[in-house]
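Visitor: First, the structure itself, so that you have it in front of you.
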């Protein structure tokens, strides 16, 4: 499955080049500050892990990078140029693809239609040009098989696949469309151990092919397996920001479980 | 990343691994949205064919098809709109609005009929655009937005007509320049040798064909299904949700305008109160044809079958010599059955296999 990524990954990627840089980025929804003062750099060939509990601001962070919501403070630079995305299309065109935990696919549409949704192959450039359905079926089928996803029929509704398979279709789609930055929103949250493994291997393969990966999770064990850089968010603020060499799994786990607060709680509940 | 992807040279796909089988024919046929409507259409046709002798003639078939076409033309647009996850309750009175506008503008200003045809098209498209824009801009359910439009148009239809003509109908327009050529396009009879059909039947079939092609064979169709099936997901992969939905509302307006033109040139005069209640007939035709009320699933051919079922029933009841009041009861029963069948089909389609 590494071939798939190497084949489609952009070839101008040099490991260590910053692809996305955030400086002091924040987002307010009216009077509520969902996120503030976030500094995050996503380098080519590296996995940046964003960890945090529910409501920590992980989703808001992704929505800013993927163009669903604009940021209200700070600067976001993509390939060195300052940007503020106003639609997911702009973000996609900048080479940033996002795989969402819950809204990755349209359940009642066929697998191949989902694979190409928003980037359909057409038999021409004119406005009502027909779809090249045969090509799309073949490509989708071949790409999924390379990833080890065997669907009974590429024409079946994607809702008939398992959760892990749907997640993998969404990742394969993002990589196939030449993403340079891949944002994975809780990709392992709903998966079993074996299927989580598949997704993690695929994440590592994307990193090795030179993509910049943002891996969002609340599972420090999964993060530590693939991450180069770790950021922990709590209530919209950064509470930890360390490179892999500066942090241990224990430290991540403790910090995720609540850190100082947990220690105080354990003192309080001591029997 | 480029949005248009060149087709890769197709390397021979790897041999299908074991355990990979084509879905069976039965499974694929039962997965089609319009299958319930097709079965119902056949049963109802057979029923009236058996009980009503006048139903068996070709002229009767032409009448049935004509009645079906006047429902089916707008129902195609309504079905696509419902697949896109929205409603339009203003479609019924919008038909009348288009016809009234066209008739009164030409009569009052002594203009060629074709000017009225074009101006009323612009009015209809503006109404559709406004419906779509308001739904997308405010996030208020289209049910409420178009319910408002429905009342507004109904009031305008009656109020303006009364104001301009002093009655609740337009003057006879048949003497106006361009009437004959417009009638040829919108309301002529086509003699096929063995049967004489109203031209609306052919237009209806054309619109159904275009709708089906649009839905299944174009990028726009992919987007329509996606915005109805999962709007957030569609938006996230770059589908222009707002443009797609506004386009759908304008499509319904266009078809409503078309039917309005037919009514005007068929009867030469238009009653201002017409069209109320028809919006539900269009929706029912779409639902009977397999469109899900929640969006994301349905077909244009299904809406045609739904319209055909109603055409057969309205005419069939007359041919059988029954009290036409039974039609409404039948409408309710059909809708209930259709919803049940749809529920079953949706569950079947979404089942893990």
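Yeah, the Cβs are placed from backbone N, Cα and C, and that goes for glycine too.
Checked TrEMBL, it gives:
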type	residues	note
TRANSMEM	B:35-52	transmembrane segment
TRANSMEM	B:64-83	transmembrane segment
TRANSMEM	B:89-107	transmembrane segment
TRANSMEM	B:114-134	transmembrane segment
TRANSMEM	B:140-160	transmembrane segment
TRANSMEM	B:192-216	transmembrane segment
TRANSMEM	B:246-268	transmembrane segment
TRANSMEM	B:280-313	transmembrane segment
TRANSMEM	B:325-345	transmembrane segment
Visitor: Would you say the transmembrane segment (B:114-134) and the transmembrane segment (B:64-83) are touching, if the rule is that at least three C-beta pairs must lie under 8 angstroms and be 6 or more residues apart?
Guide: no
Visitor: Mind checking which residues reach the transmembrane segment (B:35-52)? Cβ under 8 Å, same chain, six or more beyond either end.
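Guide: Distal contacts: 29, 288-290, 302, 305-306, 308-309, 312-313, 316, 319-321, 334, 337-338, 341-342, 345.
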Visitor: When only pairs 6 or more apart in sequence are counted, do the transmembrane segment (B:140-160) and the transmembrane segment (B:89-107) reach 3 or more Cβ pairs under 8 Å?
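Guide: In contact, yes.
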Visitor: Who are the long-range neighbours of the transmembrane segment (B:280-313) in its own chain, taking Cβ under 8 Å and residues 6 or more past its ends?
Guide: 32-38, 40-41, 44-45, 48, 64-69, 71-72, 74-76, 78-80, 82-87, 91-92, 204-205, 208, 211-212, 214-215, 225-230, 327, 330-331, 334-335, 338-339, 342, 345-346, 349
Visitor: Of the listed stretches B:89-107, B:114-134, B:325-345, which one has the most C-beta pairs under 8 A with the transmembrane segment (B:246-268)?
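Guide: Comparing B:89-107, B:114-134, B:325-345 against the transmembrane segment (B:246-268), the winner is B:114-134.
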Visitor: Using a Cβ-Cβ cut-off of under 8 Å, list the residues of the same chain that are 6+ residues beyond the ends of the transmembrane segment (B:114-134) and lie near it.
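Guide: Residues packing against the transmembrane segment (B:114-134) from afar: 88, 90, 94, 97-99, 101-103, 105-106, 140, 142, 145-146, 149, 153, 178, 181-182, 245-254, 256-257, 260-261.
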